[in-house]
Each structure stands twice: as structure tokens, then as C-alpha cells.
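Visitor: So TrEMBL has the following annotated:
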- A:702-760: domain 'CBS' (DOMAIN)
- A:58-82: transmembrane segment (TRANSMEM)
- A:103-131: transmembrane segment (TRANSMEM)
- A:222-245: transmembrane segment (TRANSMEM)
- A:257-278: transmembrane segment (TRANSMEM)
- A:309-331: transmembrane segment (TRANSMEM)
- A:343-366: transmembrane segment (TRANSMEM)
- A:456-476: transmembrane segment (TRANSMEM)
- A:482-501: transmembrane segment (TRANSMEM)
- A:543-563: transmembrane segment (TRANSMEM)
Protein chains: 2
Amino acid sequence: LRSINKEHLVMGRGRDGGGSSAPTVPPITHLDYDNSENQLFLEEERRMSFTGFRCLEISRWLICGLIGVLTGLIACFIDIVVEKVARYKYEAIKQNIERFTEVGGLSISLILWAVLNFSFVMVGSILVAFFEPVAAGSGIPQIKCYLNGVKIPRVVRLKTLVIKVCGVICSVIGGLAVGKEGPMIHSGAVVAAGVSQGRSTTLKKDLMIFEYFRRDTEKRDFVSAGAAAGVSAAFGAPVGGVLFSLEEGASFWNQMLTWRIFFASMISTFTLNFFLSISHNNTGDLSNPGLINFGRFESENLNYNLYEIPLFIAMGAIVLGALFNFLNYWLTIFRIRYVHRPCLQVMEAMLVAAVTASVSFTMIYFSNDCQPLDSEHAEEYPLQVHPPLHHQPLQTSPSRILLFMPKQMLKLCFLSFIQLFCADGEYNSMATTFFNTPEKSVRSLFHNQPGTYNPLTLGLFTITYFFLACWTYGLAVSAGVFIPSLLIGAAWGRLCGIWLASLASIWADPGKYALIGAAAQLGGIVRMTLSLTVILVEATGNVTYGLPIMLVLLTAKIVGDYFQEGLYDIHIKLQSVPFLHWEAPATSHWLTTREVMSSPVTCLNRIEKVGTIVDVLSNTSTNHNGFPVVVQPSKLCGLILRSQLIVLLKHKVFVELAGSRLTRRKLQLKDFRDAYPRFPPIQSIHVSQDERECLMDLTEFMNPTPYTVTQETSLPRVFKLFRALGLRHLVVIDDANRVVGLVTRKDLARYHLGKHGLEELHLAQT
Amino acid sequence: LRSINKEHLVMGRGRDGGGSSAPTVPPITHLDYDNSENQLFLEEERRMSFTGFRCLEISRWLICGLIGVLTGLIACFIDIVVEKVARYKYEAIKQNIERFTEVGGLSISLILWAVLNFSFVMVGSILVAFFEPVAAGSGIPQIKCYLNGVKIPRVVRLKTLVIKVCGVICSVIGGLAVGKEGPMIHSGAVVAAGVSQGRSTTLKKDLMIFEYFRRDTEKRDFVSAGAAAGVSAAFGAPVGGVLFSLEEGASFWNQMLTWRIFFASMISTFTLNFFLSISHNNTGDLSNPGLINFGRFESENLNYNLYEIPLFIAMGAIVLGALFNFLNYWLTIFRIRYVHRPCLQVMEAMLVAAVTASVSFTMIYFSNDCQPLDSEHAEEYPLQVHPPLHHQPLQTSPSRILLFMPKQMLKLCFLSFIQLFCADGEYNSMATTFFNTPEKSVRSLFHNQPGTYNPLTLGLFTITYFFLACWTYGLAVSAGVFIPSLLIGAAWGRLCGIWLASLASIWADPGKYALIGAAAQLGGIVRMTLSLTVILVEATGNVTYGLPIMLVLLTAKIVGDYFQEGLYDIHIKLQSVPFLHWEAPATSHWLTTREVMSSPVTCLNRIEKVGTIVDVLSNTSTNHNGFPVVVQPSKLCGLILRSQLIVLLKHKVFVELAGSRLTRRKLQLKDFRDAYPRFPPIQSIHVSQDERECLMDLTEFMNPTPYTVTQETSLPRVFKLFRALGLRHLVVIDDANRVVGLVTRKDLARYHLGKHGLEELHLAQT
């Protein structure tokens, strides 16, 4: 195997807390979506009756249901805790304001507010930076990698989940420019990985159920379902969730699997909806399918004219998304170089929290966008007595709108605080944008009457929030980028709408343009396509905007890709992960397996000396994971994995030199499953000098029918086989069935279509 | 190759018009989703620049857009023509009624109505039975087969499309218990197959564009897009369309492909919507995304209680769908045996038309379900002056509701005709159900006030319509089963709702139960899962019902599968099509390739005598389509297809015996593409006795890197490889790379999990 510098297999050093502070980080490993159909496996399958298979199928459904319920509950928990804690926070500020309004010391209230934010962010950041660095960010790049077949260490552990949930709560309450939606995807995935295995290594608890599912193939299927359930809970978009999982992960579309994924998604959004309705004392009101919803776009606002479509497309071509990615790329490189100690990371997060608070204050203070306080605007802070005004739709149930700010308190704040810098009977438009939760601001930008926002306010807000969000993404806090992106996009989209209306004298509903802008910005940043369209359509609740949203996302992707990759892909690339795209680069037909494969290959004999195996496994310079098994003269007869060899060595499945078998317990699949997925390193297995002379018979344990290709096969063809079947190793044979090479994920992920044709990525380069 | 009785490769003899009347029907063939990467292909790919690939990609998008536009236009055309012609029909009846109301000869009006229906059905049936039998039915089974990789002759030809469109119009106007939605899927697929090839053999017109796409892989991708566009236009469900295509066809999920499919779907529903809005003089009102929509379910009606979910599931377990399939199965067998002449088929269709009309009359005549004619019910026949009444939603734009019956005329009919058997100020509830278009009846059942329908009326209607629809499906007319299923289900669902409300004294909105019943019935008949859920959710326009619909469909599938397969699967099976399901049967691990494969295999040498090739191709007892190419001693070096050999023979690409090459034009990929897809039969190619002694060098044309497996590979593993890559031939080699067998689609499709474990289907049995 071509040796790949080990350094690059360590996931994102900066974000992992640095090589120095976390030296025990295991290297990233790859998942094997292809079952190792060895004799043990086939025997088990052949023994199993039809009823047995049916029970397995029922278990799979049960697990998916459970994944949905737990994911929904986690989303619900985050939502409720954020609501409660934020309420206490605002209560405290409110009391402070009331106390100081008379004496004119309102700056003290502001400082109190800043200090509170600061503390929450600090707690969240310390949790992430010191206890579980992999819980930082939204987790979507990590889950994308997992579904692609690359396992980043500790990414689906219970501890990660706990830190992630606490971290998200802290960073949202801390007032950072973040959303709580992205991390739900990671949370769902962890739940799935845990539930499907029927045990937790963190809790040292093995329920002895679902043992059949303890292998990569099954686990990855469930993780797909978990990710989908997460999307579903975050955006109330079960179909979008399914498509997200498929788009990111499933190379092989399986009907039953997709159906189960959909089931998990449905259950997840239903659970969230149901429990939120209980917590809002409105049991059975199923109007909160996700953590965010965009409010109802009414039909009369929805129609667009044909001539607007080019305008939408033009908005999609605004490269603010790519600019965001560009800035974040350099910021991330800076962080990897200089901010890799946990304490530095915590300090940076606190700095961002402080800056966010200060900038908000400055903006509000210097803003002179005072809007008259009439009944229409008052509706933004709805009191239940207000009926929905004319074509301003009832955005959602009132209890939802008041998620963060109970209305009495809000009214007070509003009158005594936000109005402060404005005349009586007016309020500060900038303050309403900054002091709302991002979710609420997005909805206001979509639905508020034309004229609510001053263009200058929107412009300044866009610029400020853009830089804040860009700085925030990549901090050592758990937080998502979806909501900030939507907010930035909605702001400049609304600006476009206002500008168009004034310039071209056409009537343009600014809310509509806000939606398009949000789609353009989000699409420009994350570059998701099909699933994002469906997520946005489901969150909008109306299919009419499907076509424009799709065209905008398409434009944003095409234009954005010209300048910079998507944000997740940037982060994946910075971690040197061998990520396989959908197809081989278009112009790679001239490459054949001969050029691509790693060779020579370390092969093992079917009956091999234990010493040789130990030596091969201990060779840190190669660190291979799969070994073709051969019979002389080097004819391929199987493939065995490092993990299998480790289990064999651990159980000392040796044949004595003389040929007589030791009295040993026959190894069963259960032994492999018990060791899954944390196989011990070879260094921890002691093999005595005597044992080194024994032989091991691999016949029973190797996969006797690995997929093979010949050396003349073109790269696209190998790529297709590899990707479609989710392989980890593909053996290359010559015309006499002799092993001549091995194709692994890294061999294929190297090739990349750059601006100057096919490029070979140096996965070994930082 | 194992010889398969040729009889069974002839698609559905009965429905094809009988072996006797259509003796020239070519056998069904299989599609090859795996590119034949021969030297010619690789040379072309290697010559192509990056810009070339980009142009191809842009062409693909263009084609998908075009597919969407054309499919939308076809749907629009059908809708408008049906509307116009039905209007003339009703005008005629109306005048007749007016004339005879005074003298009391209303039975003459009834006879006029019956005769009109009769004539339309006759025309439609003659078109289908005599001119293009493959246009019968909804075409969904045929498209399922196509996407699965089985090409039924003439299924994607222009002529089929024309007949299909005319046939649908005739059968819908003829008042049969059919829908016009199913056939849209077939229509979309034909459009896609035509547009993507840039030529029409029916019209003998070759535009010389899109030549690159003239192979199975590309064509099948486009047909997926076309089918999705059809679903999208039929139900206003672009996401449902994509999922339909994926569920039925795509084994290998490709992101860009899916994205293009989605684009085609979006364009299709947009086109339909836009042109319908023009035809309704309401340009820009995008409220008709599909041929059917279910009306708007308002939020207050939507909520369901937790305790209702078991009720929904119980409704899903009502096996009326399976009963429908069971009856239709025997009916189809009867038809295959006895009704296979076109004239008999036309007579049967006419009989059904007559019976449908008579039964309706009888039911109306004997029904005494007279409902008071108040403003609420008058709304069913909406006059524009009526504002939408309280929580009865404005179902859709008025112009849409009056699709078939202009309101003045309808009012007249209503007063003078439907009221006839009732007292003044009342109307006949049975008549309203029978005399509406099925689409309109479905909407009424979903949305009408509780109390609109008498339980007896609903019960009688369900039974009658059930048998009528069951008899109608499979007639030699172009028509779909979606709408009748929905209607039957909505009727008994509403009945359940009424019954529950009276029995359990709980308030149950009958409209809600109608929706659940419709889902249960449709799901029980077609057994689609994910895509149907999404289609129904999109047609309902509200995601809240997603979970119940999904649970109902799931129950309907599980319970239904216990008794009988899905309707489409039944028809596919009756045609002995080797249809590959998603996975190998669960209990098939004990089978290895050795048992499954066909052997011995007819191999060709790399340099082979022309005579041998001609003899092999002419051997009608085997009729092989793929031949491994070997070098002595029988070492595999490639795979060549019958179609390629035919082109080679046609162009006489021979090497003279002496070894000197004939002066011949070098064959190019273009020659293969020009011949695609209708390769001439071997009998039409004349090879002289001298030429028989020549040699042919296959090196350049064979696929040098076919996928291979060994004999020990288990069936599930082979199946997965075969299905994931869409293979047509899979070569089996031994450990010295010698060809020992060949696995084809038929070898894998044979195995089937029956009630008593694994069964081997006799594909050769009628």
C-alpha cells in the first residue's frame, strides 16, 4: 500500500484540541459497507430461519422508531431548556431595567446582559474544548464523512452527544450568531449509533440485544436514519431528512432502508411536535413540526411572475455565500495553526461572545431607524387579542412566537428599553432585528409588511451579522450555520426586494425576496442541492416556491463552486479526509487501475505464521487494514481485515506447528461482534515467542469472495464499483488470478477535477 | 445459457393482442445499465476535453427541462381537451333534457348519455386494441419494468404516446371508472425516451443531436426523469415523482441524476400549472400543480388525536385492496385465456361502458337518499357569488371545480335532472357522487360537511364502484387505477368515519377518515410505499398527515402482501417478466453462484470465424445476448453483446483469412449509436459463404473489463453486485480466470420467497 503520512489521518488537529493535548486520538478509520461473507457469517445466515429474518426486520423497524422518538425528545429538550433559561435571563434583565429606568443607568443593564451571554458561551466552550472537541460545530461534516464511509474517532459516542446538547444550549442562550438546527443532525446520528448497538461503551452497559447489528453495514444504515431524524426534527422536514441522508450517504438505494429512514424521520418530527404541544399547554396542536418553521406563506403572497425568475436566478448568483466560505477557510487555517490549545479556543469563543454583544449595542445605539409604533408593528410582538391583520398571516401559534420571550416581559422590554433611543410612540428597528432570536428574526424578515425595515438598517445588519456568523463558525462551541445563513440571506434578500420595488417600480413583495435571498445564501454556503430544496419547501409549507428555490440553489451552487467549495467540503478537506464523491472526475478515463492501485500488496498466506501476522499488523509505517489472502503462487483466495486478525490473535486461534489443533473454543461471530467497533490495537495483544511460531488458519474467517477487478479497468469503472457497493478494499488481479494490487478509498479520493483538468490531491499535505 | 422457453419472453400475449394477431412482436429484451467500456468508447472519452463533458452535462439539463415542459404540456392538453369535449357532451345532454323535461321523456336523455359514453369508449378501445396494445392500462407496470431493466417492445415509442393520450381522453370522457393520472407516467417516460435520443423512428426523423445519449445507460436515466415528470404533472408532486423514479428504478443513487430528475419534475408541474392558469383565464395563478389536487385541508380539520392512530392502522388493515387485486388477478387470467382478440377486447370495453352507465342509472333511480338543498350543499355546485362558507375551505379555484360542467348548465341539470327522483328543494346524493368526475367526487368526499352523505349511499357506492373499477382495470383502454382507488377508499373511509362518530360517540371528521380510507385503498392496491406517502402528502398540501398516511400505507402493504401481491406486480408476473427486486430473498445464503449461474456458456474467441458468430447468433433455441470473449485456454478477456456483433456483421468488419486486412472504414461508436436501439435481427443480415470463412477481431469492440465473480459467491452477494450496477451479464470465473458460467437477470429473478420458504419461479410457465 502506498504509505500515507499518518499525520493527515488525524482529524483536524486544531479543532480536535491539538495533537499535543490529545495525543491518544486514534487515527480515522474507514467503514466497510460490504459484508465480510466468511464461513462463520454464511453459516449463521444459513442456520437462520425465515422467522429469524422477519424478527430482524421487525427489530430494525423498532430501532428506527426508537431513534425517531429519542431524537425528537432531544430536540424537544433543547427547545424547552433554551426557552426556560432564556426566560430567566430576560427576567433578570427586565428587573434590572425596571430598577434602572428611573435613575438612568441603563448601560448597567447592557453590561449585565453582556456578562450573562459571556458566561454561557464560556461554559459551552469549555465543555467542547476540554471534554469533547469533536462536538464542536454543527457536526454535519463529520456525519457526511461517516455516511461516506470515513469514521472520525469518537464521533458517534454518547459522551459526544451529551456535550453537544449542553454546548448547543449554552451557545444559543449565549446570544452567538448560531442556530440549534445543524447539531440536531449529529445528535440524531449518535442516538442511532447507540440505540442500534444495544450497548454503550461510555456507560459500560451492554443490553445484549441487537447483536446482529454490530457491524459497519448495519450501523451505517441506522446512522443514516438518525441523521434523517435529526434533519426532520430540526426543520420539520421528514422528506428533506430522507433526502439528506440519501444525498450524503447512501450509495446503494435500498427501498426498505429508505422506508425505515422515512419512518424514523416521521416519528421524530411527530414526537417533537407532540411534546412541544404539551409543553405549550396546547396538547395535540401539531403546528410545530420542527425547531424552526418559516411561518405560513399565504397563497396571495406566493405567486411570482415569469419575469421574476431571472431576478431570482440573479440573486442566486450573488456570491456572498462563496465569500463567507472564503473568509471562513482562511480563518480555519489560522485557527489550525495558532488556536489549537483548548484554553485559547475558549478564550476565542468568549471574545466572539463579547464582540457580538458590543457590536449589537453599537449598532442599536447609532442606528436612527425609528419606526412608528402602530398596531401593525405591535403585531410583531403579538398579544393574543390582536386578530391577524389583513394579508399579514398568522405566522404560527402564538406560543411558538413567544418561544424565548414571554409577551408581558417582552412588551416591557420593548417599551422601556428598545424604544430608548427613539422618540415616544416609535421603536428601534435595528434593535428588533438584533434582540430577537435568529429564528424569530428570519420569520419577521419573511413575513413583515413592506416598509417595516429601513434599507440602511438591513444593509448594516447584513454586513455585521455576516462577519459575526463567519467568525463564529468553527469556534469550539456546538452550533449550526443554517440559521445565521438564512438570516443573512433574508436580510439582503429583503433589501433586494425593497431596492427592486423602488428602482424598477414593480411591486415586489420583500418577504418573497427575503425567502429567495435566504435560499441563495444558505445554498451558497452549504451547497446542498436536492435535500436543501425539499427542506426549504417543507419548512415553507408550500410547494409553489419549489421551482424558484430550486433554480436559486442551483445557481448558487454553480456560481459558488466556481470560486470556492462548500463550507462542509472545505472543513472536510482541511481535515485531509479521503472523501469519495459521487462519480470519478469526468476526464479520468485515461487512468486505469494499474496507475491508481497501491502495490505491492502485503498478502498473507491462507495458513500463515502468527509471527508474520503480528509483524505485519505492527508495521506502523504502512498501517494496513485489509490483506488479500493467497495460496501459492500468490493466487487470490480471500480477503481478511485487520480487525478480524486482531480478534483471532486475541483469542489465540492458533494451529500448532506440528499440525495438531490446540484445544480451543471455536470462535464465533459473537466474538467479533463483542469486539466491534473498538478493536484493541495490536500493541495491546501479547504474543509470546512460542506462539509466534504457531500457524493460523485464516480459511474460516477471511472473506472468500472479495470483489475483484483487473488492471485494465478504467478509473471511472473502478470508482463506480467501489462507490456503489461501499467497499473499503478492492483487490486487483491479473489474468491468472494473482494479486497485483489493492485499491482503497485513498487511492480513489486522490483524484480531483480542478480548474486545470485532473489534479492529484496530496492527501498527505496539510 | 439455460434455455428459457421463448413463449414467456413475449410480453403479455392476451394484452398484446394475442400471439396470432401480432406474430411479429419482438421478444422483450433487457437493458444494460453498465457501459460497455470497449476501446472505441474509452478512446472517445479520452479524446473528450473537460469542456466537452461540461457541454454534455448542460445538454442533459436541457433535455430534462424539455422533458418537463413537454410532459406538462401533454398533461395540460389532456386536461383541456377532456374539459372541452365533456362540456360539449353535457351541453348536448342539457339541451336534450330541456327539450324532454316538459313531455316527460327523460329516459331518452339517459339513453343519449349512455350512447355518447359508449361511443367514446369504443373509439378509445379500438385505438388501443388494434393499433398499439401496449398503450393499454396505466402503463405503470411497463415503466416499472423499463426502469428495472426489462424493455417491453414498443413501450417508449411515439406512436404509443399518441394512442395513449387519445385513449385516455376517450376513456375519461366515456365515463369509465378510470383516472387520467396513471397514464401520465407512461407519457412522460415516452417523451423522455424520444427527446433524449434526438430522433424518432416513428417519424423517421433524426435531428443528429444528443447522439452521445444513444445507449441504455443514458436513456434509462432520462426515462427516470420522464416518469418523475409524469407523476409530478399528474399529482402536483415533484418530490413524489423523484421518489417514484428512485423507488422503481434507480438502483444506484447518483446525486446529479437525482437533481436533474427533480428539475424535470419541477418544470413539469410548473408548465402544467402555468398553462392551465392561462386556459382558465387566470394567468399566473399557480394553484393547479397537478391534474388532481385534494383541496386544501385546513389546520383545524387536520389534527388527529393519539387514540385515532390505532383506528387509522385498523383501516389500513382492511383488505379491500387485496380483494381488488385478487379479483383482478382472476379476471386478467380469464382475459389472457379468452379475450385476446382485439375485437373481443373492444367488445368487452364497450360492455363495461354500457354496464357502468346502466348501473349508475339504476343506483340513482332506486336511491332514496334525498338531501335538503341548502346553501351549504349548493356550494358543491359553486356559483361564483357564494363566498366560501365557514370552515368549508375554498377547495380550489372555481374554474377548476367546473372543469367538466359549466356552472349554468350544471345548475340546470341539477335542478331538472338530478333532483328528479327527489322532492322539490332536495337533491339526489347518489347522483352527485356518480355524476361527478371522479376527481371532483374525491374532493367532495374529503371536504364536504359531515352529514352530506347518507351511509347507505356511501356503502352502495363503494360496492358498485369497487366492482366497476376492478372490471375496468385491464381492459384494452388507456386508463389509470389511482383515481378509482382513491374514490373507493374515500367512500368507505368516510363511511368508517360516520360509523365511528355514531358508534363511539367521538367526534370524527368524516373527511379525515375519507383521506385515510383513500390512502388505505390505494396503498392496498398498488403497494407503493415511500413515494406514495410523499405523493399523497404533496397532493394534500399538508405535512401533518404524513405520519398517519405512512402508517396506513405500511399496514396496507404488510397485510395486503400476506394475501396477494400488488396490482402492478401481479400484471408484471403474469407477463413472466424477469423482474429484479431490491434484495435477494432473505433465506438464500445457502445458494452460491455455482447453483445459480447458467452453464455451459457459449464463448467466442477473441479472433473468431464469422461463420461461427453467425451460427451462434442464429441459434434460436438459446437466443443469447451476451458472449464472454476468451483466449485459449478459455481465459476470460472480455464480453461482447449480440447487438455489437450484429453491427459488426452488418458493416462486415472482417479480417481476411490470410491475415491482410480488407480496406474497410474503421468502425466508430457512431455506427453503434445509429443502430441503437433497434438492432436488426440476425436473419436480415446476409453473410456469403466466402465471408463465413473470414475472421472477426473482437478486441476493439468487446468490453475488456467485465465484472466477474467466482463460483463460491453467495446469491445475495451476486444479487447485490448485479442490482447495484444494473448489470445484464455477469461472468463467473474459476480461480484461473477461466469462464465457467454466466449469470443473467433471469437466473436471479427466478428465486422468490414464498410462504413455504425459498421457491424457484418457473419463469417458463404461463
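Cβ atoms here come from the backbone N, Cα and C positions, even for glycine.
Burial and contacts for the listed features, if you can.
Guide: Sequence-distant contacts of the transmembrane segment (A:58-82), counting only residues of its own chain at least 6 positions beyond either end whose CB sits under 8 Å from a CB of the stretch, comprise 161, 165, 168-169, 172-173, 180, 184, 187-188, 191-192, 195-196, 210, 212-213, 221-222, 225-226, 229-230, 232-234, 260-261, 263-276, 279, 291, 403-404.
Sequence-remote contacts of a segment are chain residues at least 6 beyond its ends whose Cβ falls under 8 Å from one of its Cβ atoms, and for the transmembrane segment (A:222-245) they are 63-64, 67-68, 71-72, 74-75, 143, 146-147, 156, 180-182, 184-193, 195-196, 213, 257-258, 260-269, 271-273, 288-293, 482, 528, 530-532, 534-535, 537-539.
For the transmembrane segment (A:257-278), the list of distant contacts is 60-61, 64-65, 67-69, 71-73, 75-76, 79-80, 188, 192, 221, 224-226, 228-233, 236-239, 241-242, 245-246, 250, 284-291: same-chain residues at least six beyond its ends, Cβ to Cβ under 8 Å.
Note on the transmembrane segment (A:309-331): residues 466-467, 469-471, 473-474, 485, 488-489, 492-493, 496, 500, 513, 516-517, 519-525, 547-548, 551-556, 559-560, 562-567, 570, 574 of its chain, located 6 or more positions outside it, place their CB under 8 angstroms from a CB of the stretch.
Counting same-chain residues at least six beyond the ends of the transmembrane segment (A:482-501), those with a Cβ under 8 angstroms from any Cβ of the stretch are 138, 177-182, 234, 292, 311, 315, 318, 320-321, 324, 433, 438-439, 441-442, 445-446, 450, 453, 455, 458-459, 461-462, 465-466, 468-469, 472-473, 507-522, 525-526.
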Visitor: Over the span of the domain 'CBS' (A:702-760), count residues by DSSP class, listing helix, strand and coil in order.
Guide: 16 helix, 25 strand, 18 coil
Visitor: Express the predicted model's confidence over the domain 'CBS' (A:702-760) as a mean pLDDT, rounded to an integer.
Guide: 87
Visitor: Go through the chain and flag residues at least 6 beyond the ends of the transmembrane segment (A:103-131) whose CB is under 8 A from any CB in it; none is fine as an answer.
Guide: 17, 89, 92-93, 96-97, 159, 163, 166-171, 173-176, 342-343, 345-346, 349-350, 352-354, 356-358, 361, 417, 420, 475-478
